[in-house]
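Asker: The structure that follows is given in the form of structure tokens.
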Protein chains: 2
Amino acid sequence: MQKQLKIGLIGVGVVGSAVAKILQQNKDIITARTGVEIVVKKGIVRDIKKHKNATIPLSQSVDEVLYDNEIDVIVELMGGVEKAYNIAKIALSQNKAFVTANKAMLAYHRYELEQMAKTPIGFEASVCGGIPIIKALKDGLSANHILAIRAILNGTSNYILSKMCNEGWDFSSALKKAQNLGYAEADPTLDINGTDAAHKLLILASLAYGIDSRPEEILIEGIETLSSEDIEFAREFGYTIKLLGIAKKRGDSIELRIHPAMIHSQMPLAKVDGVMNAISVVGDSVGESVYYGAGAGGEATASSVISDLIEIARGKMPQGGQMLGFHTSQPLSIIPKEQIQSSYYVRILAVDTYGVLEKIAAVLSRNHISISTFLQKPSQESKTPANSTSNDKNQKAKILLSTHTTTESAIQNALCELEALEVVLAKPIIIRIEEA
Amino acid sequence: MQKQLKIGLIGVGVVGSAVAKILQQNKDIITARTGVEIVVKKGIVRDIKKHKNATIPLSQSVDEVLYDNEIDVIVELMGGVEKAYNIAKIALSQNKAFVTANKAMLAYHRYELEQMAKTPIGFEASVCGGIPIIKALKDGLSANHILAIRAILNGTSNYILSKMCNEGWDFSSALKKAQNLGYAEADPTLDINGTDAAHKLLILASLAYGIDSRPEEILIEGIETLSSEDIEFAREFGYTIKLLGIAKKRGDSIELRIHPAMIHSQMPLAKVDGVMNAISVVGDSVGESVYYGAGAGGEATASSVISDLIEIARGKMPQGGQMLGFHTSQPLSIIPKEQIQSSYYVRILAVDTYGVLEKIAAVLSRNHISISTFLQKPSQESKTPANSTSNDKNQKAKILLSTHTTTESAIQNALCELEALEVVLAKPIIIRIEEA
């Protein structure tokens, strides 16, 4: 009889049912590639009445899989943080392998799981469902010190930014379209504000740098404040804007951050449009390599879940203690937010009168920030008919500038001082510029 | 004492010395990631006098590593086919693991090696040095039936095509520039005529489809015959031209081919410029994912060699018999060249007189080929002053057209018939069009 690997599936939603379906549909190739038949013994759902067409045996009690001695692997696809973490702990304590797509739970508990595990833990599906980036970092690039990771980790944000940058849409129309197409949730907050991307970046940073950090400890900014003027400025200077997760080595420390970034239109990441995800990794020997694919979707994510199951079936996935694949006696440290270095784009709304530029320049200079490019134009709202006098006191000017490299604390200081100027009419907006 | 993995390095050229260097430079991280120290015990070179600054012990006799019981892994970086294959056989018979970057040797002997091996065989470096595509196909995408692979596998050709398509260079200037920059060999034949790419495609096709095929059995065309008119036509219709390796599933059979292809400018592969390589893989569950990076270069290739050594050190690389990772009782078959299906671009040089179009159309129609787009213009060479009569018998016309999907045999038949027409002045040129 064919050797079997039996799994318990907790959560049979979009991804869970795709896992069951693909295990069935691609049984021929999966068995050929492992010598083992992978079988879902039972799926756990919240409300069994809602799954009338299920093709696998269902139950509402997680205990039925967690404590079933015949089950070799628990696949957790229920989401949430603490409840899922609890299930992981029980699964590991029962000496079952554990496979998860749960990035939020791993963003908080990946090191605790690694420490307690004596069985394999697979989490390829937790970062960019359709891109095997976990295995690339653990295996393919294992000879490298990773110098930088720059990644488009959230499809919803990338869809919105693509519409804004390529087709001139405004933020809210693009968001509405994304929701209509099913790319964005009814409540898109975690996608838009960078939290979802941060969860994924933390997992990648652990693989690349062995860094234990939580979302609260890193710089996270979303795309909500971007305006079409920012997009235009970017285009004018050869940039496009992407929501990037960035992990970068500086000496023995690591910068970790999520924010909208201006990147040169020629960089590979600049060409990634729509809901697609992509991860650029720079290794000290391999140089840059880029991984591109679907970031979400039931079948793409299921493909990654099953790749972990196959690795387990082959006996190739490391036992506990090596989940994150990186162990060094000298752990790297995280650079505090305020010491992050970048160049910046700054948008300032000011009164259009003499002396304004001087005052703004003085603030920047006092904070040791030097200007790289500068653009001033009358604000849209204050455009006046051709016959009005240019000394009108209500005239407003938009000042757009970019800086040379400086620190986060210098720019934040400068922003406060700028906002306090009487001639500045609103809190200035910044976008970080990411040079390759 | 630290556990050691001892290797014998056959060939200490660009890649070999990079392997030795990186093993030394990144020892900290490699040891941290494996728990094992990887040490080059001896390097084998042809002429020891030429390696005065070597940092590893050298010898001129391969037997010194092949029959050294202390050596665990033979790393073959000497190139060539039969001699390298012999060395592989001896290494395997001595129960050593075997790691190679030798695509030409694998293009001929991969299945023989797999059959005899009782130890691991690593060959990540044999296809696109800086892209971990072997591991992606074996592990990351293992849940998928692979529907198609389309890949830019040769950096030299891609550099030349980028110059021709993006900057309007002609073939020979672009080739000269590539040679000056060290991207092309003094004899660039194997890069330009598609042979190098074919070796790599055959390896990928084995991983995806378990197909044992040799270069002689597949359609291979190079980029030598491309003209700037072809590039212009491509641009006019929204295409760019790339030398593609294509492996595609049609029912239970596989199309395998290397040739210049027109692809839509919006496809991810169309945006891969210069010496970079990229591989697009379409899986039935994961959809399309694309892998981009350096295709060659000492350090990038060494990074892949070492990733194999790390996998061996971790005990994760499968023992013999699973080198190609795919076993099925029902092997897929290769579609004969003449049954390959594609749409085509055709360039015809003809006499510019009445009735020509009719004759060409008749040939196509007789071969059941239907026309998709059509463009006729006076040939450059025959451009006449404005006051000449248009009935001049020496007038030539360039006819550029694209077809709907047809078979290779139909188009080849049509080409012969076209060439035989009195009004057609040269053998027509075709370029296959590859739709995503």
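Each residue, glycine too, has its Cβ placed from N, Cα and C.
What TrEMBL shows for this protein is this:
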type     : residues                                                               : note
ACT_SITE : B:Lys200                                                               : active site, proton donor
BINDING  : B:Ile10, B:Gly11, B:Val12, B:Gly13, B:Val14, B:Val15, B:Gly16, B:Ser17 : NADP(+) binding site
BINDING  : B:Lys103                                                               : NADPH binding site
BINDING  : B:Glu185                                                               : L-homoserine binding site
COMPBIAS : B:376-392                                                              : compositional bias 'Polar residues'
DOMAIN   : B:345-432                                                              : domain 'ACT'
REGION   : B:376-395                                                              : region 'Disordered'
Asker: Please count the residues of the domain 'ACT' (B:345-432) that DSSP assigns to helix (H, G, I), strand (E, B) and coil.
Answerer: 27 helix, 30 strand, 31 coil
Asker: If you count Cβ atoms within 10 Å of the Cβ of B:Gly11 (NADP(+) binding site), leaving out that atom itself, what do you get?
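Answerer: Result for B:Gly11 (NADP(+) binding site): 25 other Cβ atoms within 10 Å.
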Asker: Cβ atoms within 10 Å, counted per site: which of B:Val12, B:Val14 has the most, among these binding-site residues?
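Answerer: Result for the most crowded candidate: B:Val12.
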Asker: Given the binding-site residues B:Gly13, B:Gly16, which one is most crowded in terms of C-beta atoms within 10 angstroms?
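Answerer: Buried the deepest by this measure is B:Gly16.
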Asker: Let me check the 10 A CB neighbour count of B:Ile10 (NADP(+) binding site). How many other CB atoms are there?
Answerer: 24
Asker: B:Val15, B:Glu185, B:Lys200: which of these recorded positions has the sparsest Cβ neighbourhood within 10 Å?
Answerer: B:Glu185
Asker: Compute the mean position of the Cβ atoms of B:Ile10, B:Gly11, B:Val12, B:Gly13, B:Val14, B:Val15, B:Gly16, B:Ser17, which form the recorded NADP(+) site, and then list in sequence order the other residues of that chain whose Cβ is within 8 Å of it.
Answerer: B:Leu9, B:Ala18, B:Val19, B:Gly43, B:Leu77, B:Met78
Asker: Measuring CA to CA, name the entry from the recorded positions B:Lys103, B:Glu185, B:Lys200 that ends up nearest B:Gly11 (NADP(+) binding site).
Answerer: B:Lys103
Asker: Specify the nearest of the recorded positions B:Gly13, B:Ser17, B:Lys200 to the residue listed as 'L-homoserine binding site', where nearness means the distance between Cα atoms.
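Answerer: Nearest by Cα distance to the residue listed as 'L-homoserine binding site': B:Gly13.
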Asker: Just to confirm my parser: what is the rounded mean pLDDT across the domain 'ACT' (B:345-432)?
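Answerer: A mean pLDDT of 86 is what the model gives the domain 'ACT' (B:345-432).
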Asker: According to DSSP, which kind of secondary structure is B:Ile10 (NADP(+) binding site) found in, if we only use helix, strand and coil?
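Answerer: In the DSSP reduction, B:Ile10 (NADP(+) binding site) maps to strand.
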Asker: With every protein chain in view, what's the tally of Cβ atoms within 10 Å of the Cβ of B:Ser17 (NADP(+) binding site), excluding that atom itself?
Answerer: 22
